[in-house]
Amino acid sequence: MRARAGRARREGQVRHRARRAGAAREGAGGMRLMRAAFALSCFCALAAGVAFAQVEAEEPIGIPQSGAGLRDRDFGVVTRQFGLDRQVEMYQWRASGDGYTQVWNAAPIDSRGFAPDRANPPKLPIESRRWWASEATLDGHPIDASVLQTLGQWRVFRPNFSRLPANLAASFQPEGDGLGSAENPLEPRVGDLRIHWRELQLPPLEGKVELRDGRWRLSSSAAQAALSAANASNAVELPENQDRALLPWLLGGATVVVIAGLIWRRVRRRREA
């Protein structure tokens, strides 16, 4: 009876030791899992902090620099701003109802169907032209051309005509903020020209640009605002000549930037979560 009782006690002890070993293994595994989860959470927090610091560091803190000055060599006009625009208009005949009227127009008006004494010159002897600052920088990094073309503001300015070439000085005289070829500005004749210049100024760029791939580019919010303004009204000036052909590409690129920004923000939020 005692032997049987002893054997029963030994069997119970064996079973009891097996349960304690399994619990130990389960406890060790749980501890390793908790440590791994803690390390992963620390890594995510550190990565989020680094990303946040990088985003904060991408905000501009300096003043945009236009780089080398822009020059209209034909007239000796110079600006230190971010764009230079020469606007040329010619006095021409235009059909109006049953008759004709004389107007200033930036493009030649086709007069092949007009009366013989209402003929216009076939083209403007001097064309309008636009220059962009290709070396503009902010905090030592280049500014993308889309920033200038989207956020820049054109302002009429009166140049210093001291460098006007002699051949043009014989044909033009100061008129308002620009030059005119009419002998009497109050009574221009068909074929007379008038020329004005504008320079491109940049508003404060905080919150409107972000540093990507080493260049300052439009932020998602600024690109979206530009798209909304373009769709809502004609307040956003359209580029002329060859710049006009680039507008669909600029708007398409801005759309891509907005979508990419939303995707990046969602991915970052998931990583932080």
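Positions of Cβ are set from backbone N, Cα and C atoms, glycine also.
The shown structure was predicted, so the numbers you read here are calculated from the model rather than taken from an experiment.
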Check each of the ranges 1-25, 76-100, 201-225 against TrEMBL and return the one annotated as region 'Disordered'.
1-25
Stated TrEMBL location of transmembrane segment, expressed as one of 151-169, 246-264:
246-264
